[in-house]
């Protein structure tokens, strides 16, 4: 069959989208999808194998039970710390995003730059700066001791407080930016209308501002919670073994203990836990269209 | 509303405090290797930023990886964004999910799953495995940023070009691409900063090679050379300068 001249461009046009997506699709398939499947397979390997001798596929679902039995405290702690950090980020980030979006006037861009300014320097260097600020011999601990807010032998560093504070600090901009994006679209006249109708500031917030900024709240909490729950840099630099999170366990299982099946099982559990939590949360918040 | 302004000011101070500490510590002569306290003012760290063995090599390596990963991720991500916004085709839904998922996956999982793949395939870990890993997690962010830009573009501009007998390629070169450019540049900048700053994924896939964040991590156990804060401060200064220049150039136009 011959192809007519008119049909040729039509066929080429039909091919265009596939040519555009093919390179990126291949990259994500080979280096994201395949590895995740491989990780799932690894989590079911015979736990008695080793890296040097190789692992046998034995469909050992028991790996999950052993991993959970051994590391459920770190798992729970990760969810707790990340949840707490997300809640604090929301409480701190909302007023900041609101002021920038609705009240900053010509200072808006400068304030936005200040919000992302911490990103201009390295994540690890910033976290180490907190180590200096919270140090036992630092000015902050000294000040709090003088004010009797901290016991004479009390510590800031190497406590759950330090880890959660570090998480809040490192992921706060991820909360502020989406909140800003949705509060900036909020029509200021709606707030004036509510005030004209004698709504108290609290009622205005509950019935006007908050419902209209829900997409920002959902996006911000997800962007904060997901990286926070898997993070182990804050727990490692600002905490102790007693504040270890699941990321610390996965890291050492893969890189120190070289127990690949157990490490893979923990990774897979973490991923599954996040997917379930995120789906339930997005459904409850009624913002399905975000996903 | 006064209250929210006070909270906003305090939150900004909280965000900026560690940056001030990094700048301060870059001028510090610590009393001993493991001390984080400010002891004595000195310019010695700035005079000899490459003093600690391996520091400058790691910064250079991070920059090389960042540039390579940015170029690749920007090309792949921009093509994907055009395909996803401009065309309707079978499998668009699943593809959107595939692009979204890496962003919803914690870095430990991304890093460890790639390590499991590389180990299973006996791929030697090093520079290129880190580049591959960085491109993988940067692509999704580029797609999101470029898609947002394309979605806000007025389709009538391209229709006008076509009406004026511009060929599709000519329209793309002179109308579509310039309009999409701010999104592509923003995506590229985001990709570079994600790659340059990445520790977790790199740490899994670097083997014995060291990037700048890995150097900082390693030295955190042994005592951090104050020059690390010099690099941190210099990065901050370069970024601030870039922002100031772009803002002024936009004003001047």
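Heads up, the Cβ atoms here are built off N, Cα and C, so glycines get one too.
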Item to complete: Quick one: sort out which of B:65-85, B:149-169 is the transmembrane segment according to TrEMBL.
Response: B:65-85
Worksheet item: Which one of B:175-196, B:197-218 shows up in TrEMBL as transmembrane segment?
Response: B:175-196
Item to complete: Considering only the recorded stretches B:65-85, B:97-119, B:175-196, B:228-248, state which has the highest number of Cβ pairs under 8 Å to the transmembrane segment (B:125-146).
Response: B:65-85
Practice prompt. Mind checking which residues of the chain, 6+ beyond the ends of the transmembrane segment (B:65-85), have their Cβ under 8 Å from one of its Cβ atoms?
Written response: 92, 95-96, 99, 127, 130-131, 134-135, 138-143, 146-147, 150-151, 180, 183-184, 187-188, 191-192, 195-196, 211
